[in-house]
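Here the structure comes first, spelled out in structure tokens, and everything after it is commentary.
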Protein chains: 2
Amino acid sequence: MSSVETAEEFKTRSQIDQPTETHLNGSKEFILITDHKTSKKGCNVNDFLKSGVKNIFRKKTLYKRFPILTWLPRYTRSDAIGDLIAGITVGLTVIPQGLAYSGVAGLPTQFGLYGAFMGCFVYVLLGTCKDSTIGSTAIASLMVFQFAKGVWQLAVFLTFLTGVIEILMALFRLSFIIEFVSGPVSAGFTSAVALIISTSQIKNILGVKNASGNTFLQRWISMIKDIHSIRVADSILGCSCVAILIVMRYVGRIKVGPKSNPKWHHKVATKLFWFLGVSRNAILVIVCAAVCMYLEREGKSYFRLTGFVPPGLPDFGPPPFYMEGTPANTTTGEPPVEAKNFFDMVSELGFGLLIVPLVALLENIAVCKAFAKGQPIDTTQELLTIGIANVANSFVQGYRANGGLARSAVNNASGVRTPLGNLYIGLIVIFALLFLTEFFYYIPQAVLAAIIISAVIFQLQYHVILPMWRSKRIDLIPCFVAFIACLVLPLEIGILVAIGVNLLFILYHSARPKVRLETLETQDGIKFLQLTPDRCLIFPSVEFVRNLVLKFGNKTTLPVVIDCTYIYGADYTAAKVISSLIDDFKKRNQTIIFYNLKPNVVQIFEGLNINFTLCYNTYALTQALRESESDAAIKGALESNLETGVKSSSETLNSAITVEAS
Amino acid sequence: MSSVETAEEFKTRSQIDQPTETHLNGSKEFILITDHKTSKKGCNVNDFLKSGVKNIFRKKTLYKRFPILTWLPRYTRSDAIGDLIAGITVGLTVIPQGLAYSGVAGLPTQFGLYGAFMGCFVYVLLGTCKDSTIGSTAIASLMVFQFAKGVWQLAVFLTFLTGVIEILMALFRLSFIIEFVSGPVSAGFTSAVALIISTSQIKNILGVKNASGNTFLQRWISMIKDIHSIRVADSILGCSCVAILIVMRYVGRIKVGPKSNPKWHHKVATKLFWFLGVSRNAILVIVCAAVCMYLEREGKSYFRLTGFVPPGLPDFGPPPFYMEGTPANTTTGEPPVEAKNFFDMVSELGFGLLIVPLVALLENIAVCKAFAKGQPIDTTQELLTIGIANVANSFVQGYRANGGLARSAVNNASGVRTPLGNLYIGLIVIFALLFLTEFFYYIPQAVLAAIIISAVIFQLQYHVILPMWRSKRIDLIPCFVAFIACLVLPLEIGILVAIGVNLLFILYHSARPKVRLETLETQDGIKFLQLTPDRCLIFPSVEFVRNLVLKFGNKTTLPVVIDCTYIYGADYTAAKVISSLIDDFKKRNQTIIFYNLKPNVVQIFEGLNINFTLCYNTYALTQALRESESDAAIKGALESNLETGVKSSSETLNSAITVEAS
């Protein structure tokens, strides 16, 4: 299409735009439509508190904070059936998972189940995403191991304290911090976690006792040193279990019969396969434990078993706020444990108090996003919910819990309709604690390890590399930095380093705008140099832009036009630099014109009493250029006169000015 | 003017733009015109090295690295006269300044002069700014005191090591890091430094012995505790000297006679006043020292004097790379000094190795900018020069030197023509060291303190507060954070905290774009919701934009148009999020169209095989909206049919699709 049409379309478009334009100079002013409460916060604390208090008692807020009020009144019988089926199915996944993850967290087996029911009950009341289920996850368990180092009191204390921190973060609306963890960093971190967890579980499969150390590398080194103590039976069992679980995973995806219009028996067969896949962990645990129980009663013990799990529910009570010391146990050879008070425990957790909530929220929001179906996600509410869930958990000696992707996918596929499905999961876990602990004795440790390995190997994010390469190659750097840093450094330091490196990208990005350079001509043939910076002028970038303008302005005597269409913001530093830039051009007798500078930026510049030429349309621009040209002509004539007397030019110029003045 | 004119002007403008447009789809693609060497560096190390080596041997580079090659061949007799006069004038300022600053640095008096000549000679060869003179400055001296704590070996070692770091930074073109120190932070820091230095000198004026401590607060506390040991004579002398110096500063600005056409005797008087102002420090030192010499020879010593200054030039030799320990001196009561090796010394300097070069470059560039007269500044060359100057300094036991604003202003006002003026300054300093040290004995310490105080109190940047308030209020926060942090924390930590806080602003800024929201209508009356984000989509902001689009898209059934005119960049995270956004809209059967998305961003999105509707002009947009409307009509009809059977809707829809498919 021709440019005439474009222009006409433009006219139509600008007529459309007209009603929303409030500024007469034709510049597009942006309207901030961010959360008003947040933007007010900076201005006036009183207003913020007032509106906050008012807000708490509004009906809309009540419904937002208790999503159950929205869905429960509309609850139907078919919802109830869907939730019940899903709850039972997920329950079968949660119990073996819980038992296994307690090993990742370095805690006795029962703690895996202690942390698996309170969160579910809390989520029924406060959860926003019907598919999410709250319980221990591989990442959360690893984090607990990293910071509590296998001491259950410390793990429960960490759960309580991070829960409180999450609640506070939710109240101060700090959930946005997860936005500073980019996709690549998150992918690198998740992959590293998968490798670290696999390592810790390979230890269990091989039956090697010694795999200590704070980082992935250290653990492998100590494991290889101890390779002679490998247990053959456990290794065979573990490896075959991993193989079986992976096969069953794919069995679950088998579809029987034609794609469209399947017969009823096809449907039943497909459903059966699916159920086999979904409950593969439970099936494997039941079969293996049954075999071991039989062998054990025959007096044959080939495998290392889970051992005694205390029956019954955990005691309800506040989390441990101090730890009593114990003297060295001479019979078992355990070293003595030092007594620790509240502050010792806090300082022992250190960075964990920051990293654990961050990672938990990341994981939880990933679940919500996966099943949101285009609804916006209330990250603040989710943060609040997992905070409360973890505080509740810490009162029943449970450790960290949050939404897990694999479990939630089962929930979704089982046809869950509301967060009420969580209720059944919680009840099943309680049932297991009350009646099944005797049976748990016979579960081989290698089977639990196999369950974890077959789950986490699919968390290796190798599939993001190709799209990242095709889409934006430089993003591979934070991804690999996160991956490698988390493997060679302690996990919490690794992720902080990766986030730091990624933020450097943003800072560099703000420091180095792109600038388009063109020599243009007006209708009446006045040439000018146009520079178009592509983003806002703030302190790390403005100096760069100034140097470019000076450099290219220096090479020519043409008037310079700065097209400010894309400059949507500025700061004091920018105002100072622009002010000196204008002075520089004045000293050089070169014209500099700012084209289409937004009123909010003009306001910032005017704070420094900058005196500059502004144009908001090409008509004004042409006028300004014409004026500058006639000025230049006068000056040019003067200068050509002066060039005859080379060294005395400044004196002649002075006298010329004096003549003018007198 | 009417909108018709605007449209015509636009047409003209787009015709002008035409030749530079390479993309057919009409989007404006930015052209990066940053330094090509830097941009290549990331891609190919080999190319970088090759071009680097080639570059070194190019004539242009030679002239760039040795600016003397440019100006020396054109050196004239009048240049020589100008430089000589300026050199002598500045020399008169440099000697008292050097003597005084050695006190700020906590070093014996002679070190102030040891550091004042090598830098000048280096600057003659390598300097780019004719007005800048290299020597010790108040800020540099304070930094040396902060890190070397009055041990001269450590101070010289610091000078050497930071010089090497500066040279390396220049080679790797890292001079851009000063751009991350904003105007407000720099103002806050400078003001804090002025207060800290004044404090240290008030101690000298009052004759109080004890003013130790690492921060401003601690020093004041210990000084007030020791107030009883105040020396009256020193206090009176010091205070009156400060008053005299401030008065003389203003005397220097007196202009005699009429403004235009002053008579010759007016001119001479003005010049005399000016010279009195400029050499006020030297005059005061000479007068006071002469009086003290007389009093001393009469056997009367009222004032604390500078004392013995070893005559002659310093030894030429490598800086101390280790420190021998000394046993406790029982006669003077000095504590024993531990022996230190290279690494002990490095670790003692710590953060200083990062902060000192940063602050020195900031100070030096500030000088260059002040006198650049619109020429772009070669920060890399300046960094290289001060690096070499400091390495040279460390070979004559000098401490940190860089350009100082006050001294350079005198240089400029004295009519300097080329960097050769520095040669005379250096020679005068050497002359002073050879012949004047005996006289320095009689300079009262209070006079030197008064010189410093009367200089640094004008560095208090109170005058930036009002413009900052008028221009951008939020910038007062980093300014005050820098000021207060530098006063209550150790200086180096203070400035790092302030820079960190300021960078948080940038990060927040990249995380929270502004989005304009409009309901528009095409010519044929199709309404649509248009969202215009004002900057690029990168990981901290894209989630925010997605939530806004979902939130406002959810409230309406209108098609949503994302105006991407201002989106000049994206990353992998953004591509992922946009991909899920498009999926979300597909699930909701709502149309989403991307308008004017730049080809480089399209490329990033296409890496993820995102399938989206792109429009580059309003004609295409109208077409796309028309199509979406007819689609919606069909779907709407279907849905209204389906609404009769509420719960079976999905089945009916399935059958409808099945019919279509079969």
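Using N, Cα and C of the backbone, Cβ positions are placed for all residues, glycine too.
Residues or ranges marked as domain 'STAS' by TrEMBL: B:537-632.
As annotated by TrEMBL, region 'Disordered' applies to B:1-20.
Residues annotated as transmembrane segment in TrEMBL: B:80-99 (among others). Within the same chain, residues 109, 112-113, 115-116, 133, 135-136, 275, 278-279, 281-282, 284-285, 306, 406-407, 410-411, 414-418, 420-425, 427-429, 432, 436, 440, 443, 448, 451, 455 sit at least 6 positions outside the transmembrane segment (B:80-99) and bring their C-beta atoms closer than 8 Å to a C-beta of that stretch.
Residues or ranges marked as transmembrane segment by TrEMBL: B:111-129 (among others). Listed by sequence, the residues of this chain that lie at least six past the ends of the transmembrane segment (B:111-129) yet keep a Cβ under 8 A from its Cβ atoms are 65-68, 94-95, 97-103, 105, 135-136, 152, 155, 159, 314, 367-368, 371-372, 377-378, 381-382, 384-386, 388-390, 392-393, 395-403, 408, 419-420, 422-423, 425-427, 429-430, 432-433.
Per TrEMBL, transmembrane segment is recorded for B:150-171 (among others). Through the fold, the transmembrane segment (B:150-171) approaches residues 105-108, 111, 115, 144, 177, 319-321, 323, 345-346, 348-349, 352-353, 356-357, 360-361, 380-381, 383-384, 386-394, 397-400 of its own chain, all at least 6 residues removed from its boundaries and within a Cβ separation under 8 Å.
Outside the transmembrane segment (B:177-197) by six or more residues, the chain places 104, 138-139, 141-142, 169, 216, 219, 358-359, 361-362, 365, 379, 452-453, 456-457, 459-462, 464, 468, 475-484, 486-487, 491, 494-495, 498-499, 502-503 with a CB less than 8 A from a CB of the stretch. Residues annotated as transmembrane segment in TrEMBL: B:177-197 (among others).
Residues or ranges marked as transmembrane segment in TrEMBL: B:232-252 (among others).
Feature annotation from TrEMBL assigns transmembrane segment to B:272-295 (among others).
The transmembrane segment annotation in TrEMBL covers B:423-443 (among others).
As annotated by TrEMBL, transmembrane segment applies to B:449-469 (among others).
Annotation source TrEMBL lists transmembrane segment at B:481-508 (among others). Cβ atoms under 8 Å from those of the transmembrane segment (B:481-508) belong to residues 142-143, 146-147, 180-182, 184-189, 191-193, 195-196, 214-217, 350-352, 355, 359, 474, 540 of the same chain, restricted to positions at least 6 beyond its ends.
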Highest-contact recorded stretch vs the transmembrane segment (B:232-252), from B:272-295, B:423-443, B:449-469, CB pairs under 8 Å: B:272-295
For the domain 'STAS' (B:537-632), the number of residues DSSP places in helix, strand and coil: 55 helix, 13 strand, 28 coil
